[in-house]
């Protein structure tokens, strides 16, 4: 006979511990236990057999790993909780006796705990922290828009707003925004930070109702942890791109509702220079009615602004120059070596990744990051600045706004440089001819499409095209409407930036539409090439319309040639290849047949089922594509008629 | 005198040492000895003789002193006049050493006599805001004021010193390591036995670093139909989802309702009962009857044939039995042998079936494992006492959809959404708001002047 085993001495019985047992062991209240678990990242677990884990009882209870709880006993925060308890007792005693001076000295020695050791423990590397940033960002952006209630302090809201603004500035600075989506819940943003995809959800800034059936004690504990995490992450992000952290807050702008612009972003390299320039004589035009303190504060902020604005402009200039230079270089090299079409951002080749692939991807990325770099965009007063400014500036646009939307706009509505004005009203009263009027959705769709779309479809008062989710990834054989939808609707800003009338623009758009009807997917690169040639032509002094006509002829030839050349060089799986491929195809089919024979009856049935579904899907796709082709044809015909007239 | 013994003539010694001239021989002695104190004494004696006419210490006490029996009446009178009361004397008995100032009493007088004036003043004057700030730190407030700060222990407000301290240094860089080292050093400094007993750093258990099995994203991808301006197809898809969910809930509710409802069969039974006039009683009677019958049967068993009694077997019988056993054994052997031969002929077949069975079992096991993993990834359906509620699908109907971003009405609450996400990922237990319960039942009394006649308890 083997050794006798006592019941409840091994296995699940000692590996798990119920919540109440844990409370007794740690000698804390339930509320403190909850907070500790949230901060420390200890979550309930599910034993395979609850009965074995709970001494034969099947009563519902929450289980934790016993070793986790044992480890929790050594947590310094637990000690701080206890210290605070005694402190609160002392304080209550002293206050009830009216011994306020003693209370003050007591308050100075209030036990304080920090969470940095927990952050380090839970996220040993910075990448780990970035992976878990989604949660933190969602919470911080959510609480930044919350109203002050008795549960949510104004201090908390302000801190969240600061953290959110800091993070947004980092995204702007590094241009790492990738996708946006306007849903009925809120606005989704996706950014890529150091190779990690970070997604967060921001509520629309309407009056938020504070729900009653949510436990705010839990939420605030999460928020506390997330604030700490976000603070440390921001510090690291800023220091990685040589920015000063924390950025100083311009009080005047903040009061004026400048939002995230109230933060002054400084580079660490230039901070020494700034210190010198601050010593300029102060000239302020502050109203005499202001109090002394306020005056001083305003003076200070103005002083800073004056000194900094020039500095920042300088920094931005140098940066822009460098980036544009890089883009140019890349473009040049690409034209020389890789005339092939650019792949999509996510459509990287599945097989081996070659150097050229990487180069292509990076080139595409730089192009995407400076998507709006030629745009000067003005926001009317009815559009959501908090989102649009972020989104547009994240891809290089210069953004100004109506005074109603807050202080600090770099230019006003009458500025000549403005290329686009975003407004969201049924009709636009006064119009500047030099700019395009578009609805807010245009900006988001441009980002998701990765190119600047024609503003006409988004003109003020027009019925908008549907706003598609960028998060949907098409499976094999799916009908993808959005890829083709915007085909031929891209806009060339280099052309537009010249002095032209609206009529010209219209013509040009139509022309483009015509071209694009017979263009293929590789139009992207062609556009690029076109840019270059156009610019050259402009420099020579050729009129645009003449140039356009020439170019049209060239293009049609080129596309034909490209079409002919394409199958020979690439894509062994297209229909037009002809004889060579039929042999291969036949072989594949044969193999398939053989495999089918080898299948069991059950498997065969399943196979036919799957095949049936696939065929059905394919038929539907074909139907849709045919429909689309027809529509395109009719559209082309009507456009031709128009042109003739 | 004792004092003289304790201080052995410091002046004389000092003088002698200073001069340090020779006193060797009579001549030198006479020349160099110091006799000033002797001369001084003699002078004093001479002065006494001049004033008193003789040496004082040689005179008798009577010659020097006289007894004053009467005393000075005036002084006595004046003293009596200003004498304090005994009571006051007792009260005035105070130690000159100042008392330990532990407790301070708020002094209302304009000019406090105590030495601890400053602390008293500080106690007396404190701004309202300061007081509120101090009271804020207390765990439980006794104030019933409506505007009193809410009770909150450490870190209840969301922003604590921890959050304020965040972002001052790089946790993941060298700063973080330095800081942690410093803290450890501080800890060891505080500990007076630090040098002898080194603190052992506690290792985190493996289970702590083990990730949760639940793998749901923090931010779920939005359904394409949830766009503020969706395509028709996507929107319909989302609507269908929401519709199905709603239907499911409805069915569930119906099911519960039907179970809780009064069963119609009961009605029918009662009606039938009324017709027959007490069916239930009859059935009872029947049972009793049947029991009685059984009892009777038991008694009637006596007539049944009795089993044969076992007696001693005869030799012939035993032999027969032995032979029979042997043949049975032989037959079994033959049968077994035949079976074996049969099986050896189809060994291949058997191996194949066994292998097939094993493969099947393996496949099943894998499938089950995969299923379990998927289940774990989806998270627990119930943590603690409560089931995890299903997320509501938010959808806008066709006419609710906005034409432009300006007219958009957001759907659902993100706060709830976040909370739901935490619960779904099993980060916290699902919570159900608990209404406050009364500890004891309210008693109602009726007064003579006012009686509630609609009260059921009213007699």
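From the backbone N, Cα and C atoms, a Cβ is placed for every residue, glycine too.
TrEMBL: automatically predicted annotations, no manual curation.
Look at TrEMBL and you will find B:16-30 tagged as compositional bias 'Basic residues'.
Taken from TrEMBL, the feature compositional bias 'Acidic residues' applies to B:183-192 (among others).
Here TrEMBL flags B:282-302 (among others) as compositional bias 'Acidic residues'.
Residues or ranges marked as compositional bias 'Basic and acidic residues' by TrEMBL: B:326-336 (among others). DSSP states for the compositional bias 'Basic and acidic residues' (B:326-336), grouped as helix (H, G, I), strand (E, B) and coil, give 11 helix, 0 strand, 0 coil.
Summarising the annotation, TrEMBL assigns compositional bias 'Basic and acidic residues' to B:365-379 (among others). Broken down by DSSP into helix, strand and coil, the compositional bias 'Basic and acidic residues' (B:365-379) contains 13 helix, 0 strand, 2 coil.
Under the heading region 'Disordered', TrEMBL lists B:1-31 (among others).
The region 'Disordered' annotation in TrEMBL covers B:170-192 (among others).
Note on the region 'Disordered' (B:204-232): DSSP counts are 8 helix, 1 strand, 20 coil. The region 'Disordered' feature in TrEMBL is assigned to B:204-232 (among others).
Residues annotated as region 'Disordered' in TrEMBL: B:272-339 (among others).
Annotation comment: TrEMBL describes B:365-385 (among others) as region 'Disordered'.
Packing against the region 'Disordered' (B:204-232) from elsewhere in the chain are residues 238-239, 241, 373, 376-380, 394-395, 401-402, 405, 408, 421, 424-426: each is 6 or more residues past its ends and has a CB under 8 Å from a CB in it.
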